[in-house]
Amino acid sequence: METTKCNHSFSHVQVNFLAPVYGVEFFLALLGNGFAIWLLIPRGSKKSHAGIIFSLNLAVSDLAYALSLPLLVAYYLMGKNWIFGVALCKIERFLFNCNLYGSIFFITCISANRYVGVVYPFYARGNVESKHAKVASVIVWLIVGTISAPVFKFSTTKDEPPVTECIGTALHSMLPSYLPYSLFLAGFGCGLPFLITLFSYVGIARAVWKSHGLESRDKRKVVTMVIVVVALYSISFLPYHILRNINLINRLRPPSCEWSSSIHSALQVTRGLVALNPCIHPLLYTSVMDNVRSKLGYRQGDADQKSEDIRL
């Protein structure tokens, strides 16, 4: 499959599309998540609630994800010529994967936390504390690091004169071993979190829509944000994982340059959309709704709980 003609076509798409897209997204994500972290870090005697802790971890993950982009921008601008060595190639790909799944998992944590807070507000008030969120965050980072670690085995450099490529998946000889790992990441790292996130936001939408304490405007706002969150998954994370595995399966079959080029080009588009998420997350996960939680069961005068209002 990897003929000179196909390789040239693949490189052309990445150089002309991913380099500028990653460059713009790097600056937007850097500014947005840097500002989000500044807003979310507790100051003085202000307490950190579960939602704040998860949102802060998401912002940190997204910021780290953005910081992994400059090397890729340089790589593509130089015509896919990796000059930084094998070790840095492996580290860069590891960080890229680690922070990608960190973002997905913390979105899931935020979704589940909001679900409990909205659907079971009185239970959440006495049983969901900041210490639980801190423990959950540590567990998430451990899981993400563990499932991303195999990247060190598969990612490497490959001489394709006159350039040296940094392989993001695996060499052709290792594809039979890499494909099951990639399918695992698609299922455990994306599919399962998506189902939890979808369940959580559908539950939130139902509870909010049935509430008599919210105005129609507030209800529409929540439902709209639910649709936006699910849409982001549907146009970025899910297509990326699906197309990545289709591309891997295609690489194991007899070569068909036209079909391979189409799949590869579509995959690059989804990679760009995935990198767009860290630019949008600060708008979705650090904005505070109009006292949604307090209207669903909390006292308006409870200052601590008021700061824990649903962020969508």
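Note: Cβ is positioned from N, Cα and C throughout, glycine not excepted.
Those TrEMBL annotations? Automatic predictions, nothing curated.
Residues or ranges marked as domain 'G-protein coupled receptors family 1 profile' by TrEMBL: 32-285.
The transmembrane segment annotation in TrEMBL covers 20-41 (among others).
Below 8 angstroms of C-beta separation, residues 14-15, 18-19, 22-23, 25-26, 29-30, 33-34, 36-37, 40-41, 84, 88, 92, 95-96, 98-100, 102-103, 106-107, 109-110, 113, 130, 133-134, 136-137, 140-141, 163, 166, 275, 277-278, 281-282, 285-286, 311 of the same chain, each at least six residues beyond the ends of the transmembrane segment (53-78), sit close to that stretch. Here TrEMBL flags 53-78 (among others) as transmembrane segment.
According to TrEMBL, the feature transmembrane segment maps to 100-123 (among others).
According to TrEMBL, the transmembrane segment annotation covers 135-152 (among others).
Residues annotated as transmembrane segment in TrEMBL: 181-202 (among others).
According to TrEMBL, the feature transmembrane segment maps to 222-243 (among others).
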How about long-range neighbours of the transmembrane segment (181-202): same chain, 6 or more residues beyond its ends, C-beta under 8 Å?
97, 101, 104-105, 107-108, 111-112, 114-115, 147, 150, 154, 169, 226, 229-230, 233, 237-238, 241-242, 244-245, 248
